[in-house]
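Summarising the annotation, Swiss-Prot assigns site 'Binds cAAA' to R53, Y81, T226. As annotated by Swiss-Prot, active site applies to D73, E104, K106, with the evidence given as a curator's inference. Annotation source Swiss-Prot lists Mg(2+) binding site at D73, E104. Feature annotation from Swiss-Prot assigns site 'Gate loop latch' to H136, Y141; the stated evidence is experimental evidence.
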Amino acid sequence: MSDWSLSQLFASLHEDIQLRLGTARKAFQHPGAKGDASEGVWIEMLDTYLPKRYQAANAFVVDSLGNFSDQIDVVVFDRQYSPFIFKFNEQIIVPAESVYAVFEAKQSASADLVAYAQRKVASVRRLHRTSLPIPHAGGTYPAKPLIPILGGLLTFESDWSPALGMSFDKALNGDLSDGRLDMGCVASHGHFYFNNIDSKFNFEHGNKPATAFLFRLIAQLQFSGTVPMIDIDAYGKWLAN
């Protein structure tokens, strides 16, 4: 009989994330450096544990009309079926059709940060996305419906007390349209998600928050399926400009 413990493995994953986020908070005094370090912890976690069809990175998102999103701390995008990802001077630019999820990653949750994250998420969801019919041996399948882009917030701490209480809920309910934050994690306290059945936010306290958030994200990505077939010609027209 093996000496492995699944419970201990899950706990170790969360403890590693929490420790590294805490170290970033203590070790860096400059807000920009502190933010970059925290962002890097979340990106590394997602790149390590999400299936390899997904990639996570700090990126801009662009559509075929030439519109760009704000810079997004963590973009989860398709790497298996995406025909192109731009990289220029260390900046990554992802076509809107390839995006599964976007997250704002900062040190501590607050009303201002929630509103800021909502604006960032909305800047991605408002982009134009194409979807072409899919060819097969007998003809074509209809164009795949566009998948919902998940939005969220990732932090180490919360400015509120209690950390996941009514104030947090009020801030999240400030935008339930293009800027809605579907899920997120406050690594020191718990995670949250929007319950589509009850149309309200649920808060889960403790219980290895980083690991619980990761599992919920993976489950949501499974329901998303694959990204639509991108219209390359719609992007190619910019070659003539």
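Including glycine, each Cβ sits where the backbone N, Cα and C put it.
Closest by Cα distance to D73 (active site), from the recorded positions Y81, E104, K106, Y141, is E104. Cα separation, K106 (active site) to R53 (site 'Binds cAAA'), rounded: 26 Å. In this structure, the recorded positions under consideration are R53, K106, H136, and the one with the smallest number of other Cβ atoms within 10 Å of its Cβ is H136. Put simply, Y81 (site 'Binds cAAA') is 8 Å from T226 (site 'Binds cAAA') when counted between their Cα atoms.
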